[in-house]
Amino acid sequence: MTEKTNGVKSSPANNHNHHAPPAIKANGKDDHRTSSRPHSAADDDTSSELQRLADVDAPQQGRSGFRRIVRLVGIIREWANKNFREEEPRPDSFLERFRGPELQTVTTQEGDGKGDKDGEDKGTKKKFELFVLDPAGDWYYCWLFVIAMPVLYNWCLLVARACFSDLQKGYYLVWLVLDYVSDVVYIADLFIRLRTGFLEQGLLVKDTKKLRDNYIHTLQFKLDVASIIPTDLIYFAVDIHSPEVRFNRLLHFARMFEFFDRTETRTNYPNIFRISNLVLYILVIIHWNACIYYAISKSIGFGVDTWVYPNITDPEYGYLAREYIYCLYWSTLTLTTIGETPPPVKDEEYLFVIFDFLIGVLIFATIVGNVGSMISNMNATRAEFQAKIDAVKHYMQFRKVSKGMEAKVIRWFDYLWTNKKTVDEREILKNLPAKLRAEIAINVHLSTLKKVRIFHDCEAGLLVELVLKLRPQVFSPGDYICRKGDIGKEMYIIKEGKLAVVADDGVTQYALLSAGSCFGEISILNIKGSKMGNRRTANIRSLGYSDLFCLSKDDLMEAVTEYPDAKKVLEERGREILMKEGLLDENEVATSMEVDVQEKLGQLETNMETLYTRFGRLLAEYTGAQQKLKQRITVLETKMKQNNEDDYLSDGMNSPELAAADEP
């Protein structure tokens, strides 16, 4: 007697072990877990073949060998089907309904109606389009960071190496490596520029010819080409320790400023970044001025007067670190107009100091002013919030509010500031279009809305309306959100904090509500037959500081006005919830339906009577107007007849026969 196990026949030698598959016994797994695992026909064939071989060798190897083989088959099968068992996370249905299907990227090349005759050429162009960078994308931003590093390196170290010969000669191998690495990055950036898309009529251009023409006809292209001219060949004519021949590399500065601009847009701390950026500019200006001061001192002669750098033959001033720090110190004192430096002696020294003073007055005054403005902007939020607190304090003192209430209000303000809840979301987002505001609101409040039972599977348009109408509210410890018997005008969704359902004494707790819970959603629908009506059935009190989202009844009714089908669905879902909880009076529902029918019939009768009255009035007006019209027509006919008779008599008197008869 043989028995099938997962499609495999067992040998007679193993019939005594037919109650469960050996692999399942060895692993301690249940039979239903193995049977529920998806597997293909190829897996069954493989396992069947291996087990068949095991059955042949079973008399020689025994029961343990067969178990090991079947166990190995189970492991292999589980590994092979691992990827098939893993399901991709499903996209959220709320966002799916709101965003709709994804649009495929359309380029200007695809939209101009020109197709390629050769399929291979078309495929090649498609491959090239894959390498077009979106200037708003992350890859482009990462490349800006890469290219900004060699630009900053050249701007800081080229001038220092050109002025401080010890710096150049002491590490010239390191400088050669860094120089040519930066040159490679510059050349790569030239090709990246040729593959960087731009927007035309709102679409990203990926046509290589358009990209090339758009870049080549700009001034930046000429500067980029000039920055990679191999001026290093001049090394063969002059000394290798002449880094000034590479000053053309400084022309690639635009990339560094572009990186700074995009970082300022992307960062969550723009004020801190702006201040850091200005500090960097100050340091670079001071650094350049220090290098130029050292170069002027070298050209005039070290130690020839009190203004130039001291004689380098003095051991105290003859090493590189002291040279640079001394020049940096002199540059800082001069540019910040602090003074306390030796006065100039020669004319060229006077001119240089005058130029430095102008830079210090104009540029540094501007920079320091910007820093002060940024710091003021950073404190603007705090100042505005403090002004609100002061106004409330003044009001409470004027109205002689108790000290306990005053302390409670101050603690509430402190909680708002500490937890960064002072931001007015509507004021911040008012400059965005409605579509973006709705999408941001959905991303922020999505997890909260999914907790509300009546809003499951509602229309995307209604969901957008409701999301935009959610209003955050913060309650202090001990505050009542609602009291028993109050008319329900809002529903609440708990974002953070804990609420307690308490007795009338305010102390005894019946239940505890935490983040994600919601209440009051049924009362704002005015469902007929509800035993609760539209009144609160419990006292709900905040245990600590609680953040809630509030949706008022008026806002809900305003939103569902344009969605009558959604309103019916919400009411039906509310009735289902009340029926499950035993809070729906079906007799009252039937009675209310009869009352509604009677009311509708009464309204119909009233409307019919009004219609009859209006029709009779219109008919009377029509009859009167018709009589007046007939009278006017009769008058006109009479006048026409009289006029015709007068014309006939006048024509007869003027005829020739009558004239001849009248002659004697």
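Including glycine, each Cβ sits where the backbone N, Cα and C put it.
If you look up Swiss-Prot, you'll see Gly520, Ser523, Arg536, Thr537 marked as 3',5'-cyclic GMP binding site. The annotation 3',5'-cyclic AMP binding site is assigned in Swiss-Prot to Arg536, Thr537 on the grounds of similarity to another entry. Annotation comment: Swiss-Prot describes 597-651 as coiled coil. The feature compositional bias 'Polar residues' is assigned by Swiss-Prot to 1-11. Residues or ranges marked as region 'Disordered' by Swiss-Prot: 1-49, 641-664. The feature region 'Ion conduction pathway' is assigned by Swiss-Prot to 270-378. Sequence annotations record features per position, and here Swiss-Prot assigns region 'Selectivity filter' to 337-340 based on similarity to another entry. Among the features that Swiss-Prot reports, region 'Cyclic nucleotide-binding domain' is placed at 460-580, with the record citing similarity to another entry. Residues or ranges marked as topological domain 'Extracellular' in Swiss-Prot: 167-176, 242-246, 297-319. Look at Swiss-Prot and you will find 145-166, 177-197, 223-241, 247-265, 273-296, 320-354, 355-379 tagged as transmembrane segment.
Using DSSP to sort the residues of the region 'Selectivity filter' (337-340) gives these counts of helix, strand and coil: 0 helix, 0 strand, 4 coil. Each of the binding-site residues Arg536, Thr537 was assessed for Cβ neighbours inside 10 Å, and the highest tally belongs to Arg536.
Sitting within 8 Å of the Cβ centre of Gly520, Ser523, Arg536, Thr537, and not among those site residues for 3',5'-cyclic GMP, are the Cβ atoms of Cys482, Asp486, Gly488, Phe519, Ile522, Met532, Asn534, Arg535, Ala538.
Largest Cα-to-Cα span within the 3',5'-cyclic GMP-binding set Gly520, Ser523, Arg536, Thr537: 10 Å. Long-range Cβ contacts of the transmembrane segment (247-265) within its own chain (Cβ-Cβ under 8 Å, at least 6 residues beyond either end) map to 141, 144-145, 147-148, 150-152, 154-155, 158, 162, 182-183, 186, 189, 220, 223-224, 226-227, 229, 231, 273-274, 277.
Away from its own ends, the transmembrane segment (223-241) comes close to residues 165, 168-169, 172, 179, 183, 186-187, 189-190, 193, 248-252, 254 of its chain (Cβ-Cβ under 8 Å, at least six residues beyond either end). Around Gly520 (3',5'-cyclic GMP binding site), taking its Cβ as the centre, 19 other Cβ atoms fall within 10 Å, counting all chains.
With DSSP states grouped into helix (H, G, I), strand (E, B) and coil, the topological domain 'Extracellular' (167-176) comes out at 9 helix, 0 strand, 1 coil. Applying DSSP to the region 'Ion conduction pathway' (270-378) sorts its residues as follows: 82 helix, 0 strand, 27 coil. Counting Cβ atoms from all protein chains shown, Ser523 (3',5'-cyclic GMP binding site) has 24 others lying within 10 Å of its own Cβ. Long-range contacts of the topological domain 'Extracellular' (167-176) within the same chain, counting only residues at least 6 positions beyond its ends with a Cβ under 8 Å from a Cβ of the stretch, are 157, 160-161, 240-241, 243, 320, 324.
Residues 154, 158, 161-162, 168, 175, 179, 231-232, 234-235 of the same chain lie 6 or more positions beyond the ends of the topological domain 'Extracellular' (242-246) yet place their CB under 8 Å from a CB of it. For the topological domain 'Extracellular' (242-246), the number of residues in each DSSP class (helix H, G, I; strand E, B; coil) is 4 helix, 0 strand, 1 coil.
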